[in-house]
Every structure is written in structure tokens, then in C-alpha cells.
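Colleague: After the C-alpha cells below, expect a handful of questions from me.
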């Protein structure tokens, strides 16, 4: 009986792991969707700018300059922008690969597996909910400060203060109604939303330009070199702390990827809009923060309303009102961006069966998931009602950084993963020389038995194949995830690994080692700085292992076919993005991590009690396996050697391998398919 129990338990656990690691199979027509594809590149770019330029520039700028970095806030924004750019490049490539709603959730589902996709999707839901709530709270606070805190005073007189430490000082009913109102406005449809966003974003950009021009006109360079203060009054540690906070200001470019299912030409628009919007926003933040700290000393900045007060101190009263108008427009577009992205993430997860099916319904008239929008508005409004801005912002950062980390890792995994079954079968008929019975042409360089150049060495493929030919494409596909010729010395260690497995393992090890390095930097920086022997030895070993992981990844062939936009310098840029995101994550407080794990625990209940059993990929896999289990089905496809249920074996890849390699260096015979020999 104990052995029977172990067998049953082993079977159950094996099936559970298979379900958790199954990946999403993309449909043949990626452009097919019940949503309305009506957004052009300009609309999507303004959507990204509008989502990023809001509370960050009008609220965070004053707080970071006064309390964290001083005039060096300029460096904080540059560092935060560079870290965001690393992640944005990875998002842009995925936007080309997968033009679907859901952003990082869909990307993870396609590349890593269902469990991690659910974790990311669950955190994106939290990110956008907290983002909408935090901006609504900032919107309310900004308007209230302009009115002399009338709203806060009246509310506290009626309701009294909330003395719970985790909650805000008072319930913010204005922020509650702002969330509900904008959710109702979004129900009009995506085109109307894009039009409203474009108008408000344009006003906001004009106000930013006004702030920069007037700020530099009234600038005083002495404000960057105050006595006993200097440019970095809080030191480089203050710059890093400011960068971690300023990172919040760039959260929002992932809403561009979320709009992929409503873009007219997503493979072109998503990458271009992502890079353009992030560059515009980074330059804008740097110029505005420089203008602010040059106008007045950093220790005189009012964190609640930095820009209007700065111009008021300079006697430019009319500019104060213009800036307040821009602030309201900017925070409105940021709120619209969060409430725009959240329902679409719910829709993507429900469409895959991981969330309740009611969230996968789209209104036929407006082509908007109205139930999702209503739920998003209500939940965000409740958070804005009860929590203050500081707690919302800190809690939001952890989910965002985790999503960025996994997207960066997914780019590496997909670059070195062999071609999928569907793509291989689709490409195989177009390959020259696939059908010898018709006397089709053979690969370039192949010829009659014994003819010179009759075979192709794997070490000289790139020089003997025309890069633009279909044959070259098939060769690149076949080599994906395999060792490069110059790294053959790694074969004793990695030679037995399936293509792509060594790269995926190296990515996982790189993430784990990055966590170890960042935690050690956080806890034992003084020992390292003072040159303690054990600290130097430990960091040396960890850094050696990190570099070894990157070397193992870069030692393999990539597959970049079909990508209109590619992240440059893979795996180096995604690896740097992973490390930077983890470094920012370890600076978050323990209470933030505790809240995160509570939220994640709720998500695990949803996944294991509902999602894992109702996944559409599970249904497809089961029915497909049953179809392909018969010998008739195998003969009908003609390109599979086993059932396509658990582990698919495709002999098309064998055909390609047989055509591009030789068993021995002296082999001059014509290239013959292994399957042809078996059939004969």
C-alpha cells in the first residue's frame, strides 16, 4: 500500500508540474480579436506618455528633491529612466512577437509557462489597481492643496481621523468619486478614450515645456552648490534611493503592450511607441527636475505642490494656475491609463480560462469588457478611499519590478528556444529540397556524391548560406539553442542537454545569483567597502558565477527570424535589466514584501482551485493528444513521430539537421534524410 500511495502521489505531482509548465499556443491568426483594432502609432505613443507623465512629475519630483536627492534628482531620474529602458526594450520585442492584450502575462505564458504567467498576471492586476488608486489620491490631494485643504478639513470634521496605522489619515471621498467617474468615461469605447487621452496629454506636454522654459529663464546656478550642501547633499545613497522612488514615475509604458490587441499594426506600433514614449518622458522629467531645483533651493521646495509654489515664490502667479491645469490633465491621463490596462489584463486571463469566464466577455456595442471595467473602477476607488499615496506607491513597485524581471528573462528564453511545432510544420513545405521525389533543389553547396562542397559543416554555415534565402531561415531555426562552433569546448558539460534547456537553466541560475548578490550588497556593503577578506571572496565567487551564466547563454545560437524589432546585445541587456530590477526590489521594506505575499497567497488559491482546472491550454492539450494518439493521425500529418500530447517530437527538425550537418569531416555524399532511409 505505501508503494501504491507513492505511485499515485508521483503521478499526481507529475501531472501537476506538467499543467503548471504548459505554455500558451498562439492562434494561426494573431490579429483576430473581438476587441476593436483602431489605434495607430500616434495614439499608442500618447497613451504611453499620458500614463507615465502624471503624479510622477507633479508630486514625486518635489518629494524626492526635498527629502532624498536634492539637485541630484536629475541623476535619479536618469538612472530610473535607464533601468526602465532596459525593460522597455524587452517589452518592445514581445510586442512584436505577441500582439495580444495582457502585456507581461501573455509574454510569460508563451515563453515560460502557465504558473509563472498567472503570478505575473495577478501582480499586474495589483499594479494597475494600485496605480489607479495612487493617482486618484494624488489628484485629490493636488486639487485640495489648491483649495486650501478645504476637502480634507471638512472630511475630518464629518468622519474623524482613522487611527489605524495601515490606513490613511482620513477617507478620501473625492479620490473615490474620481475613480468611479473615469471608469464610466472609459466605457464609451477605446477610440473615444484615445481621443480624450490625446487632448489631455497634449495639454500636459505643453505645460511641461512651459515649466522648462520659465524655469531655466529664472534659474540660479548657485542653487546647485549651496554652502555645505553641494549638488548631492544626501550622497550617492540618496541618488539611488531617489532612483528607486522615481522608478514609479516610469511605470505605465507596459500599458502600451496591453493595447497590442487594439492596435492596427502592432508589430510596428508597439516597439516604436514604447521607445518613443519612454525617451520623451525621461527627457521631460530630467528637464523639469533641473528647472525646479535651479529656480529655488531644494530645501525650500514644498513636496505637496512643488512646481506651483516654486513659481509663486518667483512672483509668476499666472504660471502657477497654468501648471495646476497641466497637473490635473497629467494625473487624469495616468489614471485613464491604469483603468484602461486593468480590464484588458483581466480579459486576457479570463480568455485563457485562468480567471472566471465572466471576465472574458466583451460588450458587442462598445467592444469593451464592461464587467471588468466596472470591477476595476470599484476596487481602485475603494483603495483610493482608504489608503494614502505613500503606501500605495511602495506596494505597487514590487509587482511592477517582478513583471519587468520575468519579461526580461523571457526574452532570453525565447531567443534560445528551438522552433515550435506549429512554426516548423508551417515552414517545412517551403524549404528547398524537402521533397526529393520531385527532384527539388538541394541546399546550396550540396551536390552529387563526391562533389566538392557536397556537405555543409556546422562551423561554416553562415558563410556558405545566403542569409536572405529560405534555406538560411531553416538553418537558423534548426540551430536555435545549440552550441556555437567556437564553444565546442563546453560540450562535455552541456552536450547532453536538449536545445534551449541549458539557456533556460542558466537564466534561472542568473536570477537566483542576482538575488544573492543584491541581498549581500544590502546587508554587508561596509565589509566589502573596507576590503574584508570573506566579503571579497564571496562577492568574487558570486560574480564569477553570474558571468559564467551569461557566457553559457551567449555560447548558443539564437533564433531571431520573423522579428521586426529585436532587443540589441542579447543576452547582455536583458541580463542587466534582470539585475537592476532585483537590486531595486531588495530595497523595498519588509512590510511591502509581507503585503505582497498575502496578495500572492490569495492568487494561489484562485489558480489551484479554479485556473489550473479550467485552463484553455489544458483542454486543447487533452483533445489534441487524443486526436494524435492514433497511427492514422500520425500518417495524416506526416511530420510527427509521436503523439503531440506531452512531449512532441517533430522530424521536420531532423530533416533540417540532416541537411545541414555531416557525421564526419570526410563525408562527401549527398545529404539524405534519415526518414527517407527508414521509409525505404
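Just so you know, glycine gets a Cβ as well, placed from its N, Cα and C.
Summarising the annotation, TrEMBL assigns compositional bias 'Gly residues' to 447-456. TrEMBL lists 457-469 with the feature compositional bias 'Low complexity'. The feature domain 'Cationic amino acid transporter C-terminal' is assigned by TrEMBL to 565-615. Among the features that TrEMBL reports, region 'Disordered' is placed at 426-469. For 41-60, 72-92, 104-125, 173-192, 199-219, 231-251, 318-342, 370-389, 395-414, 501-521, 533-555, 567-586 (among others), the entry in TrEMBL reads transmembrane segment.
How buried are the listed features, and what sits near them?
Modeller: Long-range Cβ contacts of the transmembrane segment (41-60) within its own chain (Cβ-Cβ under 8 Å, at least 6 residues beyond either end) map to 134-135, 138-139, 141-142, 194, 197-198, 200-202, 204-205, 208, 245-246, 248-253, 255-256, 259, 263, 265, 268-270, 272-274, 276-278, 280-281, 284-285, 288, 304, 306-307, 323, 326-327, 330-338, 340-341, 389.
Among residues of the same chain six or more beyond the transmembrane segment (104-125), those with a C-beta under 8 A of the stretch's C-beta atoms are 19-24, 26, 91, 94, 97-98, 254, 257, 341-342, 345-346, 348-349, 352, 354, 398-400, 402-404, 406-407, 409-410, 413-414, 417, 599-600, 603, 606-607, 611-612, 615, 617.
Distant neighbours of the transmembrane segment (199-219): 46, 49-50, 53-54, 57, 284, 287-288, 290-292, 294-295, 307, 310-311, 314, 316, 319, 322-323, 325-327, 329-330, 332-333, 336; these residues of the same chain sit at least 6 beyond its ends, with a Cβ under 8 Å from one of its Cβ atoms.
Only residues 6 or more beyond the boundaries of the transmembrane segment (395-414), in the same chain, are considered here, and those with a CB under 8 A from a CB of the stretch are 86-87, 90-91, 93-94, 97, 103-104, 107-108, 110-112, 116, 119-120, 123-124, 126-127, 130-131, 134, 244, 247-248, 251, 254, 500, 503-504, 507, 511, 553, 567, 570-571, 574-575, 577-578, 581-582, 584-585, 588, 592-593, 595-596.
Within its own chain, the transmembrane segment (533-555) has Cβ neighbours under 8 Å at 412, 416, 483-484, 487, 490, 494, 502-503, 506-507, 509-510, 513-514, 516-517, 520, 524, 527, 571-572, 575, 579, counting only residues six or more beyond its boundaries.
Residues 83, 86-87, 89-90, 92-93, 243-244, 247, 397-398, 401-402, 404-405, 408-409, 411-412, 415, 507, 510-511, 514-515, 517-519, 521-522, 546, 549-550, 553-554, 558 of the same chain lie 6 or more positions beyond the ends of the transmembrane segment (567-586) yet place their CB under 8 Å from a CB of it.
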Colleague: Short question: most Cβ pairs under 8 Å with the transmembrane segment (318-342), which of 72-92, 231-251, 370-389, 501-521?
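Modeller: Result: 370-389.
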Colleague: For the domain 'Cationic amino acid transporter C-terminal' (565-615), what does DSSP give as the number of helix, strand and coil residues?
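Modeller: DSSP composition of the domain 'Cationic amino acid transporter C-terminal' (565-615): 39 helix, 0 strand, 12 coil.
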Colleague: Between the transmembrane segment (370-389) and the transmembrane segment (72-92), are there three or more C-beta pairs closer than 8 Å, counting only pairs 6 or more apart along the chain?
Modeller: no
Colleague: So what's the mean pLDDT when you look at the domain 'Cationic amino acid transporter C-terminal' (565-615)?
Modeller: 87
Colleague: If you count every Cβ pair below 8 Å, which range out of 72-92, 173-192, 501-521 shares the most with the transmembrane segment (231-251)?
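Modeller: Most contacts with the transmembrane segment (231-251): 72-92.
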